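These notes are about the structure you will find just below.
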Amino acid sequence: MNPAHLLVLAAVCVSLLGASSVPPRPLNLINFQRMIQCTTRRSAWDFTNYGCYCGAGGSGTPVDELDRCCKVHDDCYGAAEKYHRCSPKLTLYTSTCSSQTGSVTCKDNGTKCKAFVCNCDRTAALCFGRAPYNKNNENINPNRCR
């Protein structure tokens, strides 16, 4: 085999091995991230470890209005799974953002699941836009969430 071909094959194998250790990002979270940035003008990463409910999981009593937005969003995703038999984190939909007004619109997505999930994300993103962001509630002690 040609040495150049071997080099390319080795590079592909190494890149695949490296990629296998990176967990795939749920596709819908990209849509939700865009909505959050539209309504808050903040990075969606600002909300990944906020309070008791923003980010993965959630328990206890929400620490403030923004954290309540996240709990409502979690509950909405639960309803999507239960009543619409869909996987919200994997459901792709179409929406538009007006960066001038901070408004988000869900487009006709063709299925009840897509429409429901888009509305879950839209409602949460608008709630994030209205709620104050308190830096003291970033990376809080998990004991506060019991």
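Each Cβ is built from the backbone N, Cα and C atoms, and glycine gets one as well.
What you are looking at is a predicted structure, and each value in this text was computed from that prediction instead of being measured.
Copied over from Swiss-Prot, here are the features:
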type: ACT_SITE; residues: H73; note: active site
type: ACT_SITE; residues: D121; note: active site
type: BINDING; residues: Y53, G55, G57, D74; note: Ca(2+) binding site
type: DISULFID; residues: C38-C97; note: disulfide bond
type: DISULFID; residues: C52-C145; note: disulfide bond
type: DISULFID; residues: C54-C70; note: disulfide bond
type: DISULFID; residues: C69-C127; note: disulfide bond
type: DISULFID; residues: C76-C120; note: disulfide bond
type: DISULFID; residues: C86-C113; note: disulfide bond
type: DISULFID; residues: C106-C118; note: disulfide bond
type: CARBOHYD; residues: N109; note: N-linked glycosylation site
type: SIGNAL; residues: 1-21; note: signal peptide
Spatial neighbours of C76 (disulfide bond), counting only the recorded positions Y53, G55, G57, D121 and Cα distances within 10 Å: D121
Lowest local Cβ density (other Cβ within 10 Å) among disulfide-bonded residues: C38, C52, C70, C97, C106: C97
Euclidean distance between Cα atoms of C120 (disulfide bond) and G55 (Ca(2+) binding site), Å: 15
Cα proximity to C120 (disulfide bond), best match among recorded positions Y53, G57, H73: H73
Recorded positions compared (D74, D121) - highest count of Cβ atoms within 10 Å: D121
Packing count at G57 (Ca(2+) binding site) (other Cβ atoms within 10 Å of its Cβ): 9
For D74 (Ca(2+) binding site), the one of C54, C106, C118 that lies nearest, given that the disulfide-bonded residues are compared by Cα: C54
Residues close to Ca(2+) site centre defined by Y53, G55, G57, D74, Cβ within 8 Å: C52, C54, A56, G58, C70, K71
Inter-residue Cα distance where the pair is D121 (active site) and C69 (disulfide bond), in Å: 10
Close recorded positions near C97 (disulfide bond), where close means Cα within 10 Å, chosen from C52, C54, H73, C106, C118, C127: C106
Number of Cβ atoms other than its own within 10 Å, given for C76 (disulfide bond): 17
Alpha-carbon spacing, C54 (disulfide bond) to H73 (active site), which is rounded to whole Å: 9
